[in-house]
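Record features (Swiss-Prot):
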BINDING   SER57, THR58, ARG59, THR60, GLN84, ARG108, HIS135, PRO136, THR137, GLN138, CYS275, LEU276, ARG320  carbamoyl phosphate binding site
BINDING   ASN169, ASP233, SER237, MET238  L-ornithine binding site
Amino acid sequence: MAFNLRNRNFLKLLDFTPREIQYMIDLAIDLKKAKYGGYERKHLTGKNIALIFEKTSTRTRCAFEVAAFDQGAQVSYLGPSGSQIGHKESMKDTARVLGRMYDGIEYRGYGQEIVEELGAYAGVPVWNGLTNEFHPTQILADFMTMLEHGKGKRLDQIKFAYLGDARNNMGNSLMVGAAKMGMDIRLVAPKAFWPEEDLVAKCRLIAEETGARITLTEDVKEGVLGADFLYTDVWVSMGEAKEAWDQRVKLMTPYQVNMDVINATKNPDVKFMHCLPAFHNDETTMGKEVADKYGMKGLEVTEDVFESEHSIVFDEAENRMHTIKAVMVATLGD
């Protein structure tokens, strides 16, 4: 391997150099080609992996399970009600137990400090499947997808805008990733929903070294002009109370990704991205609740954008598996 990432934790992109991040993306691209070409080699044969999910999941769980199986590993799924973590046993103790039984551990849950503690005490590679603050595996998939659809541009030649709640784990993680990789990111959101100032300051310092361009703006037209990609996420994050909806919908409606926003980029080839799940119609229980309460069939993105030729959300979702596989192979593989 070009880089020795063996036995490293994957907790947040702040812990990695641009070259290490690019290596994992390149490895994911190679692994994807190998899977499609029928010549994939197993690098995790005989490995046992624990998947801790304190929050529910579709893409992250399936991506970890399929990636592990493809590479010859076995997994144990510990769901929100399937363990003693946090109830009868501390994460510190859990880490020291699971680290004796498993070769690698994935964690999806709440505070970043929890996965950091798990990583500090497990003694085996720990991978962050999502916390309230960061979602690093998603960013690898996003950047891989941008490379696939970027018409030959390197990451440091790509401009993209993130619209909506920019203080959540996706806003944080995209900003960190863009800073590391020298990209042009525009965080387009109400000022109250910009990332924490200390994280912005860290990213601006990184940007001084990488040439990244970080813009925080409330102006949608300014933020999206010339963008290669538009990105959004749900307006109310996992675990937030439903009572937050009323104020959030009122504040965020101007930042909805609709065809007017697509056209405002002045880029006919602009692509739309979303980490999913998305509220783009009224065909789900929550989507119907939103439609009934607010008279909107889509929230952060409209149906016509989501289903348009601009949308690459399902390529992006697939790449979760390939990039997660790359992280596991890089940190645990033979």
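Glycine is no exception: its Cβ is also placed from the backbone N, Cα and C atoms.
Shown here: features listed in Swiss-Prot, placed on the structure.
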{"residue": "SER57", "record": "carbamoyl phosphate binding site", "Cβ contacts under 8 Å, 6 or more apart": "ARG108, GLY129, LEU130"}
{"residue": "ARG59", "record": "carbamoyl phosphate binding site", "Cβ contacts under 8 Å, 6 or more apart": "LEU276, ALA317, ARG320"}
{"residue": "HIS135", "record": "carbamoyl phosphate binding site", "Cβ contacts under 8 Å, 6 or more apart": "ASN128, ASN169, MET170, SER173, CYS275"}
{"residue": "THR137", "record": "carbamoyl phosphate binding site", "Cβ contacts under 8 Å, 6 or more apart": "PHE10, THR60, ALA63, TRP127, ASN128, GLY129, LEU130, ARG320, THR323, ILE324, VAL327"}
{"residue": "ASP233", "record": "L-ornithine binding site", "Cβ contacts under 8 Å, 6 or more apart": "TYR162, GLY164, ASP165, ASN168, MET170, GLY171, HIS274, CYS275, GLU300"}
